[in-house]
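*Asks:* Handing you this structure, nothing more for now.
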Amino acid sequence: MNQSIPVAPTPPRRVRLKPWLVAQVNSCQYPGLQWVNGEKKLFCIPWRHATRHGPSQDGDNTIFKAWAKETGKYTEGVDEADPAKWKANLRCALNKSRDFRLIYDGPRDMPPQPYKIYEVCSNGPAPTDSQPPEDYSFGAGEEEEEEEELQRMLPSLSLTEDVKWPPTLQPPTLRPPTLQPPTLQPPVVLGPPAPDPSPLAPPPGNPAGFRELLSEVLEPGPLPASLPPAGEQLLPDLLISPHMLPLTDLEIKFQYRGRPPRALTISNPHGCRLFYSQLEATQEQVELFGPISLEQVRFPSPEDIPSDKQRFYTNQLLDVLDRGLILQLQGQDLYAIRLCQCKVFWSGPCASAHDSCPNPIQREVKTKLFSLEHFLNELILFQKGQTNTPPPFEIFFCFGEEWPDRKPREKKLITVQVVPVAARLLLEMFSGELSWSADSIRLQISNPDLKDRMVEQFKELHHIWQSQQRLQPVAQAPPGAGLGVGQGPWPMHPAGMQ
């Protein structure tokens, strides 16, 4: 008995857009795709929007579908047809390419034949047409395509079943509306963390011996005429005194689809809770909202999202983020605990090796996100040349939609990037990318009680650095720069760190 053999999906592949698209225009096989001048410099692409113009009679024979098939993003008989996604893929490719320039876009209201006209550029667009490095706004005609995709999104948003309050717990306290931040403000840190009543927890404020530690390690001495080159003095200082690294610092970047990111840095030794709610965490509601010693970080308001549909769907997810996602620091490891009803997916150094499969965070289950010990081991191997790539340290969360998947992260409604600052600094030091200046780094002094094994790792990194320096010409030290390790010169005065 004959059985049909399933067709394997075509893996995505890189295709040069210019020769492929010019060949398609020359082929005349797609209705409306044609040259508009004799020199074959300008061509027209029909550009219908389903929300305004209805389905096309030639919907199955479009340049958008052909590009999706050519790049391996659509396999007939395997993938579900998605004309809006095909159109967005080609639009993004044209926007990024230096070989094409948009000449005319429209008319877009209710035309019988909406279209775009592109110019084939010989040497890329003229300098006057250059765009800012990052443009998060939608161009003309793009909002309709975004809405086409958003219309299909709500049924697929990942929300768990409704949750009832446990009868043994007191009802949560509502925060007075007058204390809410303005709707257009960036992410708000809701005050300093409350002290942990546990006798084992470190007291709030500076750790014991803080001033003595500063006077010992950061005593400036006579300042040289100019600062040493990047990493010349500061790198060994930090490696010999690893407690100077901001081990508890986390850089958090919130991103709503198509909007500029909003970022902040938290320095709480316990971690933080990411949430969106008027419900206030209290000592009596630890089971609902986690420890009050965590930094309380509220998601930014979605009110500046211009698309009504996108803002509606984003609010659908934010409405079930009141319990939040906990990022817990434990030793030199970072963990996540999902309390919220909204499902959360993630990728990062400790994620599953199957990068193409969605990776959910199970509810109320501690999930390891990052290990500094493992990062240091991988950094040592990389510096020795035993691995080809530096160790990863960035962590990405996607709220309410599966991740990783074939959809780019920029198309997700809500994403959050988390970066352990200590890992980023160490990697930048060894790669030479760190620019040391008074405002480039804000050092935070943490508890110096590190494990012996971690101290050995720093010693080995310091040894690697010294070996690298022997292979480079020695720079002439400025007069007065002969300072001992731990004495400076530092680019900021200790008084600025109190």
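Cβ atoms here come from the backbone N, Cα and C positions, even for glycine.
Fair warning: this is a prediction, and the values are worked out from it, not measured in the lab.
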*Asks:* Between 62-72, 150-160, 227-237, 436-446, which stretch does Swiss-Prot give the note motif 'Nuclear export signal'?
*Replies:* 150-160
*Asks:* If you check Swiss-Prot, which stretch out of 268-288, 394-414, 478-498 is marked region 'Disordered'?
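*Replies:* Swiss-Prot lists region 'Disordered' for residues 478-498.
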*Asks:* Looking at phosphoserine as annotated by Swiss-Prot, pick the matching residue from Ser97, Ser215, Ser267, Ser293.
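*Replies:* Among Ser97, Ser215, Ser267, Ser293, the residue Swiss-Prot annotates as phosphoserine is Ser293.
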*Asks:* According to Swiss-Prot, phosphoserine sits on which of Ser226, Ser356, Ser435?
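*Replies:* When Swiss-Prot is consulted, phosphoserine appears for Ser435.
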*Asks:* To which residue among Ser198, Ser301 does Swiss-Prot attach the annotation phosphoserine?
*Replies:* Ser301
*Asks:* Kindly point out the range from 12-18, 47-53, 138-144, 327-333 that Swiss-Prot annotates with motif 'Nuclear localization signal'.
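*Replies:* That would be 12-18, per the motif 'Nuclear localization signal' entry in Swiss-Prot.
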*Asks:* Out of these modified residues, Ser293, Ser301, Ser431, which one has the fewest other C-beta atoms within 10 Å of its own C-beta?
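*Replies:* Each of the modified residues Ser293, Ser301, Ser431 was scored; lowest Cβ tally within 10 Å is Ser431.
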*Asks:* List the helix, strand and coil residue totals of the DNA-binding region (14-122) as derived from DSSP.
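*Replies:* Once the DSSP states are binned, the DNA-binding region (14-122) shows 37 helix, 19 strand, 53 coil.
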*Asks:* Using all protein chains shown, find which of the recorded sites Lys411, Lys412 scores highest when you count other CB atoms within 10 A of its CB.
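*Replies:* Highest number of other Cβ atoms within 10 Å: Lys412.
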*Asks:* Using the alpha carbons only, what distance in Å do you get between Lys411 (ubiquitin cross-link) and Ser293 (phosphoserine) once rounded?
*Replies:* 34
*Asks:* Under DSSP, is Ser431 (phosphoserine) part of a helix or a strand, or is it coil?
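*Replies:* Once the DSSP labels are grouped into three classes, Ser431 (phosphoserine) ends up as helix.
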*Asks:* Roughly how many angstrom lie between the C-alpha atoms of Ser293 (phosphoserine) and Ser301 (phosphoserine)?
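*Replies:* Rounded to the nearest whole number, the Cα-Cα distance is 24 Å.
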*Asks:* Would you kindly give the Cα-Cα distance separating Ser431 (phosphoserine) and Ser301 (phosphoserine), rounded to the nearest Å?
*Replies:* 37
*Asks:* Take the C-alpha atoms of Lys412 (ubiquitin cross-link) and Ser431 (phosphoserine) and report the distance between them in angstrom, rounded.
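*Replies:* Answer for this pair: 31 Å between alpha carbons.
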